[in-house]
Amino acid sequence: MPKKRKAASQAVPEEEEEDDCQEEAEDEDEEEIVDAEAEENEDEEEDEGPKMVWRPGVDTIEEGEQLDVEPGTYDMLHRAQVEWPCLSLDVVRDDLGAQRTSFPMTAYVVAGSQASKTEDNRLYMMKWHKLYKTSKDGKEDDDDESEEEEDSDDEHEAALESKTTPHPGGVNRVRSMPQAGHIVATWADTGKVHMWNLEAHRKALDKSGDRVPPQAKPIFTSEAHKDEGFAMDFSPHDTGLFLSGGNDALIMLAEPVPGGWKVNSEPFKMHKSSVEDVQRLGVAFFEPWLYS
């Protein structure tokens, strides 16, 4: 009697079928998660892309995009902060020597604030010192650099000291006189141009015991303009000679006299709109200024 052959496939219990389906579903879920992570990593790599130099006036910044500083680009890069934002600053000439190349550096800077309240505005005379070289920050160490320089860069931090005096209104622009850095001019948002003698503030930055006047007064104020402005400059060749240009399209020349300055009664009127900047050209009084 022939034997019966077994069926090629036998019925599988329902419980085993459910387990198999569940395992397949779990495998699919795992694959989806892995794929999603891979896609996310690919997107991040695409977003990073090659680093490029941002060119003002050529490249645009998208919403939410932020520029990053490349520390190795600069021989020296330090950040400073004062109580209020300053729209303008100027480097004050000192007697520490010209064309300085050795570190740490020292610089004297004058700046004027743009405070939220008029009465809170300040004129700052600042000393930035212990400015060490920072070009190796964010880069691999250069074998050619000495270990001593590396240690000094790490152990020292930049310092900022300042002496202040109240300023009548916000400061649109500030300039120090090349021949006497403690003489400072300010263009106020009140439409007035002020001259200040900050010699005591400048000296007090080097001598901690020296006191400064709690509220210095301008040594000269010009009300020749009909509106506020931003343009002004001292002559680098004729001590005290000074130009100011305003939103009223007027350019005023102020000449130094004993006890202050004398503003010419007749302004330069070649401009039809606001004067954004003025600079002195030439080496003699009669040679022209540059207006823009």
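A Cβ is built for glycine as well, from the same backbone N, Cα and C atoms used for every other residue.
It should be emphasised that the depicted structure is a prediction, and the values quoted were computed from it without experimental measurement.
Here is what TrEMBL records for this protein:
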- 1-55: region 'Disordered' (REGION)
- 13-48: compositional bias 'Acidic residues' (COMPBIAS)
- 65-130: domain 'Histone-binding protein RBBP4-like N-terminal' (DOMAIN)
- 135-175: region 'Disordered' (REGION)
- 140-156: compositional bias 'Acidic residues' (COMPBIAS)
Do you know the DSSP helix, strand and coil residue counts for the domain 'Histone-binding protein RBBP4-like N-terminal' (65-130)? 6 helix, 25 strand, 35 coil
Restricting to the domain 'Histone-binding protein RBBP4-like N-terminal' (65-130), report the mean pLDDT as a whole number. 92
